[in-house]
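Q: Have a look at this one before I ask anything.
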Amino acid sequence: MRVPFIKMHGLGNDFVVLDARSEALPPIGPATVAALADRRTGIGCDQLILLEPADTADFRMRIFNSDGSEVEACGNASRAVALLHGRAAQVETAGGLIAVEPTGCGARIDMGVPRFEWDALPLAYAMDTLSMPVGWDGLEAPAAVNVGNPHVVFFVPDAEGVPLDRLGPEIERDPLFPERVNVNVAQVTGPASLHLRVWERGAGLTRACGTGACATTVAAIRRGLIEGRAATVHLPGGPLEIEWSADNRVLMTGPAAESFRGTFDWGDFA
Ligand SMILES: N[C@H](CCC[C@H](N)C(=O)O)C(=O)O
């Protein structure tokens, strides 16, 4: 069975998008996702995005990390899908309803209300999530924010100096995080600018993480590390504009692009 796909990215965080809104696809399992995502033998991507019809929104977006895990939110993919859809839409995700609006070269996304309660993150036990009494080999006292998906945020003097390829997987899989966690290392670089690197749950180091930029900006504002309620977050793949609005919603604006389209034989990967 030949299946069409669209390869897209947001600041280099890349996606294989399967659009099943008008024609259903066979069920997707973790093995199928991992095979498609494999950059050596598959099409290759950080996340696989599946669009489906929805009852209570314009459509549903399902998000699968390259390790096959299905997760609740993906900021960069939300912008890519907004561009693909071509007009404003309400999108149902496992992390809740988001609002997407294409702009000239990307999109503006309302990611919804951030959560800070330890059991909403979730954490394995009660803890202050503004400055957690934990540490891993020099990374200390992070903040934790759920923006549909779980993030832990470390503020450091030199983000590039952190061995995130070693500490990321260790923290991602720590028993403190029952659903694992996205690991953010951020450096304040100005009154409204942050430099961010992310070890993504289920995907590893990526060029950009939209939800990571959202979580990090909210954590920086909660900590009083930046002025006002908006920041430019500089990721390896480029900048995102994040605002935590006065009515408690996290808004993300940034680029997205289509790379190419193609088809693959479902039987090769199922
Ligand atoms: N790895 C994330 C999903 C993708 C998030 C990232 N690609 C983004 O743009 O938000 C998670 O497991 O929650």
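Just so it is clear, glycine is given a Cβ too, placed from its N, Cα and C backbone atoms.
Residues annotated as active site in TrEMBL: Cys74. The active site, proton donor annotation in TrEMBL covers Cys74. Here TrEMBL flags Cys209 as active site, proton acceptor. Annotation source TrEMBL lists substrate binding site at Asn13, Gln47, Asn65, Gly75, Asn76, Asn149, Asn182, Glu200, Arg201, Gly210, Thr211.
I'd like to know what surrounds each of these features in this structure.
A: Other Cβ atoms within 10 Å of the Cβ of Cys74 (active site), summed over all protein chains shown, number 31.
Note: Cys209 (active site, proton acceptor) has non-local neighbours Asn13, Gly75, Asn76, Asn182, Asn184, Leu196, Val198, Glu200, Leu235, i.e. same-chain residues 6+ apart with C-beta under 8 A of its own C-beta.
Classification of Asn65 (substrate binding site) by DSSP places it within a strand.
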Q: Which of the binding-site residues Asn65, Arg201, Thr211 has its Cα closest in space to the Cα of Cys74 (active site)?
A: Thr211
Q: Including all protein chains displayed, how many Cβ atoms other than that of Asn65 (substrate binding site) lie within 10 Å of its Cβ?
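A: If we count other Cβ atoms within 10 Å of Asn65 (substrate binding site), we arrive at 23.
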Q: For Asn76 (substrate binding site), just count the other CB atoms lying within 10 A of its CB, please.
A: 36
Q: Using DSSP, would you call Cys209 (active site, proton acceptor) helix, strand or coil?
A: coil
Q: By the DSSP assignment reduced to helix, strand and coil, which category contains Asn76 (substrate binding site)?
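A: Note: Asn76 (substrate binding site) is helical by DSSP.
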